[in-house]
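As annotated by TrEMBL, active site, proton donor applies to Lys207. Among the features that TrEMBL reports, NADPH binding site is placed at Lys107. Marked as L-homoserine binding site by TrEMBL: Glu192. If you look up TrEMBL, you'll see 361-436 marked as domain 'ACT'.
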Amino acid sequence: MSVRTLRIGLCGLGTVGQGVWKHLTADRPELEARLGVKLELARGAVRNPKKRRSVRIPASKLTTDALAIARDPSIDIVCELVGGTDLAREITLEALRRGKVVVSANKALICAHGAEIFATAREHGGRFLFEASVAGGIPIIKALREGLVANRFPLIYGILNGTCNYILTQMEERDAPYTQVLGDAKRLGYAEADESLDVEGWDAAHKASVLAYLAHGVWVRPEQMIVEGIARITPADFKNANALGFGIKLLAVIWRDFETNELSVRVHPTLLPESHVVAKVNGVFNAISVQGDVVGTTLYIGRGAGQDATASAVISDIVDAVALLRRQKGEMIDGDFIETTARRQAPPRIAPPEHIEGRYYLRLTVEDKPGVLSAIAAVTARQHVSIASVIQSPAERAGAASLVLTTHRSNERALRNTIARLRRLRPVLEEPVLLRIAEFPE
Ligand SMILES: NC(=O)c1ccc[n+]([C@@H]2O[C@H](COP(=O)([O-])OP(=O)(O)OC[C@H]3O[C@@H](n4cnc5c(N)ncnc54)[C@H](O)[C@@H]3O)[C@@H](O)[C@H]2O)c1
Ligand SMILES: N[C@@H](CCO)C(=O)O
Ligand code: NA
């Protein structure tokens, strides 16, 4: 029997696309031997065919028409690696309508159009695979969908953005200026084309939305989440946090109360005890802690961004795509494809802010004069926010002091109200900085 050839088209040959081309070319003989098919990197779509790339690709394989790859009847597997949500959506839907397998690294697309994409795949027999979209090289999608299928998930939290973790680590370890470190993250291929998606927390929110769908079967939009980035964190925050025994990480948190059936998805800089394993995950590495009701806690750590780690995840999806396509042709026994691990129960409601509880770190820049502390304490007392500790130090601006308050357990609504009122106090000179203090189990 002749060996079948499966043809792969790559739409977008930037950081990730070139990584996939490079590693797939190098590993092809091994993969072909294992999979029992021939794999052909048939076509690549680029904006500029003349641009110098780190991989050599024959000009005859390049096109500037990415949709032509999605529509090409001879292409079996389409990798969407252009990013964004417009052309990427068109490529994905065109290919799925033709029953192809689409492999995607695009969490912004999945968050915005996941429901439509999965529905199109179901309707037309296409398949959509997206391991690279969350936590780069860590096989977290597979872990949730396959390895942890026996579980419900009261808590999933972790570091989901490599760029932010790289920036925070460099700021803390080297006292390096924010803009310089961000420039390094861009050069290293970690950052999104629009880096504000990284530093403002949106990228982590897109990934949290994907994980929440897998775990709970509902699409939570970033507008329904608390999303705060890292841009306002200063070296002084690291100093204060360290003095209190904490490190600072940008965490995504997906919390579900199965009794009240409420769900909360959020992204914010968080103070974690220095001894906590996630606090020790540095640089471009991501970490995801998954609490399953059957298995207990499992933890996943690995490179969350960058060319090679991301290519590793895309290639794992291409290998799964081969198996799916062979099943479709009756070459293997068909099995159920699990889209989400969520149980067939009423979908959860989004938890209101007063139900999201925790401890808080609040940094205020205030006039350094008598009566200020008591004015602030009056505001917190009125909102029933109880102060756990106060650190005062001189602020950079003359005549001002930096006040760092930590609170006992309170909730998002009370803190929101507190900040709104503090903002209006004349001695409060700058926008307050609010960080959450983690109360997660290891
Ligand atoms: N870089 C990472 O570490 C990483 C990790 C995980 C996921 N991702 C995701 O992977 C996707 C690609 O990211 P990237 O880092 O490779 O970005 P990139 O900007 O390096 O690559 C995107 C490429 O697509 C090309 N492109 C844009 N429009 C096009 C068009 N109309 N026709 C043909 N080509 C077009 C661009 O010229 C560019 O070369 C994004 O969705 C991103 O979120 C990236
Ligand atoms: N910009 C993303 C890429 C990986 O999704 C990050 O830094 O995590
Ligand atoms: Na992954």
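Glycine is no exception: its Cβ is also placed from the backbone N, Cα and C atoms.
Predicted automatically and left uncurated, TrEMBL annotations should be read as such.
In the three-state DSSP reading, the residue listed as 'L-homoserine binding site' counts as coil.
The Cβ neighbour count for Glu192 (L-homoserine binding site), using a 10 Å radius over every protein chain in view, is 20. In the three-state DSSP scheme, Lys107 (NADPH binding site) is classed as helix. A separation of roughly 6 Å, to the nearest angstrom, links the Cα atoms of Lys207 (active site, proton donor) and Lys107 (NADPH binding site). Listed in sequence order, the residues of the same chain lying 6 or more apart from Lys107 (NADPH binding site) and placing their CB within less than 8 Å of its CB are Phe130, Ser133, Val134, Asp203, His206, Lys207, Ser209, Val210. According to DSSP, the secondary structure content of the domain 'ACT' (361-436) in residues is 24 helix, 30 strand, 22 coil. On the 0 to 100 pLDDT scale, the model's mean across the domain 'ACT' (361-436) is 96.
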